[in-house]
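Copied from TrEMBL, the annotated features are:
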- Ser145: active site (ACT_SITE)
- Asp302: active site (ACT_SITE)
- His332: active site (ACT_SITE)
- 63-221: domain 'Alpha/beta hydrolase fold-3' (DOMAIN)
- 274-335: domain 'Alpha/beta hydrolase fold-3' (DOMAIN)
Amino acid sequence: CHLIHYLRLSHHLIVLNYLICTFDKLKSVSSEDIKITDAVFDGVEVRVFEPPAKGDESLKRSVVYIHGGGWALASARTSLYNNLCRIMAESLNAVVVSVEYRLVPKVCFPEQYHDALRATKHFLQPDVLAEYSVDPSRIAISGDSAGGNLAAAVCQQLSKDEDLTVRPKLQALIYPVLQAFDFNTPSYQQNMNMPVLPRYVMVHYWIDYINGNYELAHELLVNNHTALNVGRALSFRARLNWTALLPPSFQKSYKPVVQSRGTAAIVERLPALLDVRAVPLLADDATLARQPRTYVLTCENDVLRDDGAMYATRLERAGVPVTLDHFHDCFHGCMIFTVWPTDFSAGVQTRNSYIKWLDENL
């Protein structure tokens, strides 16, 4: 059984890597006026996209962007994300900093988080912002999928850092992965075999990220790691009770999967499963109340739909202004597919809505 899962996962990753490498040969579709430079922010590689200076302005808006890929795939330098960040820089007339954090298997949690945090904090220094002519009061932090996870975790940490003089004005999370507590939310049940990101692949991404063992996959899939007899998980259960956090249209007729007895040793061996730096949805209300105005994009055909929707609800209840932008006909990862031969309408539709929100709020 474990061998079958491993072969399925290996095939999935091979296909994704092939697609990324193929698309990387495609020409950028954005304006040639955008200046692109590679830099190092506190030991972390970044790619910076700068629109041309205009005579009637002194400072620009900015977006710190963290790419997706299951903490294991893609790059700020691939054409998929290069195109997205160029279009953002051009459309918003904003400086975009794309973070090139280290990937699995070279490093595991918490190194990806530390890379994203270090690069962001470096950029937020007043002298660095001045170097790039960025307005300190108009900065957003954003990311998609695993990058949305890192963006949310970094934003939570920045909100607690009393030494910071500059903090993000906004956070924008695109189909983010925010929890490993419950792999049987309605969207996980509904989309368990959905192409691009089936449930077993998301579980294996988690196992790789937190340096676990694939033999634990089944235990996680049936929620044995957060059973009622797992004491360390009990205090977090209310923070991820989807029967109280999701609208009926998302819950449909699905039922919670809560084991009465499970395997407490899993969270003892893998404490990252309950570490808010890895699972931002488990943050306490006081932390959530300190978050900036937030945008969350979700897609119906995505196992992660409910992660984003639950986070939006919890933030809203904590007093944070939130926009939940849900797309009924879209799928996980669609936003980066906007270039031939994968110039999907779903990609263009979600990207335009995301950029429009940033333009109106940043």
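The backbone N, Cα and C atoms fix where each Cβ goes, and this holds for glycine too.
Unlike curated records, TrEMBL annotations are generated automatically.
Shown on the structure are the features that TrEMBL records.
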residue	record	CB count, 10 Å
Ser145	active site	29
Asp302	active site	27
His332	active site	26
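Within the model, the domain 'Alpha/beta hydrolase fold-3' (274-335) carries an average pLDDT of 97. Reported as a whole number, the C-alpha separation between His332 (active site) and Asp302 (active site) equals 5 Å. Annotated pair Ser145 (active site) and Asp302 (active site), C-alpha to C-alpha distance, rounded: 11 Å.
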